[in-house]
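Enquirer: Per TrEMBL, active site, proton donor is recorded for Glu168, Glu440. Residues or ranges marked as active site by TrEMBL: Asp312, Glu481. The annotation disulfide bond is assigned in TrEMBL to Cys383-Cys426.
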Amino acid sequence: MIFGLACLMLTHTNKAHSVSDGLAKGIGTNEEHKEVTDVGIRFKKLFRRAPRLPPRLSPDEKIIHRNFTGKLNEPNVEEQWKARQQNVKDAFTHAWSGYKKFAMGYDELMPVSRLGVDGLGGLGATVVDALDTAMIMGLDEVVSEAGSWIESHLLDRIRQKGQVNLFETTIRVLGGLLSAYHLSGGDQGMTLAQKGPKPTIYLDIAKNLADRLLSAFTSSPTAIPFSDVVLRDSSAHSAPGGLSSTSEVSTLQLEFNYLSAISGDPKYSTEGMKVLAHLKTLPKTEGLVPIYISPHSGEFSGENIRLGSRGDSYYEYLIKVWLQLRDTQDGNFTYLHDMYEEAMRGVKHMLVQKSIPSELVFVGELPVGPKGYLSPKMDHLVCFLPGTLALGATKGLTKEKAMKDNLLTFEDLENLKLAEDLTKTCFEMYSVTSTGLAPEIAYFHTKDYFESGLDGGNKSSEYVNDIIIKHADRHNLLRPETVESLFVLYRITQDPKYREWGWHIFESFEKYTKVESGGYSSLDDVTTVPPPKRDKMETFFLGETLKYLYLLFGDSSVIPLDK
């Protein structure tokens, strides 16, 4: 959902320009109060080469798909990927069928128990989060079912429900409504959905919800919003302990900016951009920031710095909000790009390490521990970073096109190389386990750290001695970060290995997380076969994970990265 919204506002024609051209315009000023009315840019449609290498097929597939010369028949390669894309579409249909049968109107499905559960405020989060994926896949029946539920029930839920988390509600529900508005033809967007309500229905509900969420901003004594909102009375308060997550307060702006652009009301963007303008002024460690911030003082709290939970999407939104706003006529947002580039330099200087014996590149955490070395811990959430680095380097163009037009700086190329290295590591976090699915957290063998007896279970993996998985971290929540990066890296580099890696991950989801009665379940332990099921299907499995796999296996002109 976050990725989808990053693309929505890039719709007006302009010429591509280099990073240096953008930076030459000067240092950004605090223009956060100005109305965002220009919706961005549109690059010319790109022609993309066919993949350089065919997918790796099983022996049976090789027999079927070879012609009499013994060479792979190229049209059949694309047919193979179309078939694999259909498999993802079938998986979405199976996931939706379980939710519809057992949990319709609840936030999430418990597929093993065949029950619904409200853990996100009771707004039917799966319905809204999954809708744009169904639109992209052309699943008209699902679009009609989800759209009808939203039109009939969601506004009443918003008016009646109690406490919700500002961040979760923004990215899953508000973001879902805005994506549905765009993909159903609103704002002259893509008309991928012929069924369901008119786009204005989604927009009207989005405005009602956002008006209530704004209380998190307006109730706070600083530019940093409170973390929780009571929807029925539009009140807000801080979380227990008084702190907000840095990632949560800085992962609202794509949605609020887009809502201002399509509604014509600047108040949403004004409040959201105040946060980033304030964060610009705070002290940082080589561009890196602590994972907690106080809405009462407006200052960072603590010394923990990581690109995993509570830190991750701060860095992601810096570059994506800059891409969203860089060509608007009423503000200079270069400061966002400056903050992003400084942070990426900090990542490379302070956090990037290599494992032993096989030198996997990973991103550790600060502060340095009592034994004097950087934590070799990396959340699965960090696997958003490769896609973000690649997008930041080429601005959504293919690497080939960007290099041909001399648009990449040395730093862009360096970031793109890091993106490829980290994508490899993220995939190996999957392949090193017995199930082929990644744990929630991995540790890496370094010269300072190693624990024996905690490998992933796949003894044939080349990296079995590089990756350490502690017992408390062996669960898998069906997360999207790695497949999102595979999707972005494939689109930008055109290297078919990223498709192959995505297919291996999808096959493992199918084999170990599918529940026959409907839905897919998160797992308790990816290192054992069969893995025990956790009995939860997160909304992002439909809203993101399956979406990125579907796009990875499909034509690159669908949801292009440079728009």
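Counting starts with 1 at the first residue shown.
Backbone N, Cα and C define each Cβ position, glycine as well.
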Enquirer: Neighbour count, 10 Å Cβ-Cβ cut-off, for Cys426 (disulfide bond): what number do you get?
Expert: 28
Enquirer: Take the C-alpha atoms of Glu481 (active site) and Cys426 (disulfide bond) and report the distance between them in angstrom, rounded.
Expert: 9
Enquirer: Inside 10 Å of the Cβ of Glu168 (active site, proton donor), count up the other Cβ atoms and send me the figure.
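Expert: Glu168 (active site, proton donor): 19 neighbouring Cβ atoms within 10 Å.
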Enquirer: Could you work out which of the active-site residues (Asp312, Glu440, Glu481) has its C-beta surrounded by the smallest number of other C-beta atoms within 10 A?
Expert: Glu440
Enquirer: Compared by Cα position, which of the active-site residues Glu168, Asp312, Glu440 is the closest one to Cys426 (disulfide bond)?
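Expert: Closest by Cα: Glu440.
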Enquirer: Looking only at Cβ atoms, how many others are within 10 Å of the one on Cys383 (disulfide bond)?
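Expert: Other Cβ atoms within 10 Å of Cys383 (disulfide bond): 29.
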Enquirer: How long is the line from the C-alpha of Asp312 (active site) to the C-alpha of Glu440 (active site, proton donor), rounded to the nearest angstrom?
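Expert: A Cα-Cα distance of 14 Å.
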Enquirer: Please report the Cα separation of Glu168 (active site, proton donor) and Glu440 (active site, proton donor) in Å, rounded to an integer.
Expert: 19
Enquirer: Could you measure between Glu440 (active site, proton donor) and Cys383 (disulfide bond) for me? Cα positions, answer in whole angstrom.
Expert: 11
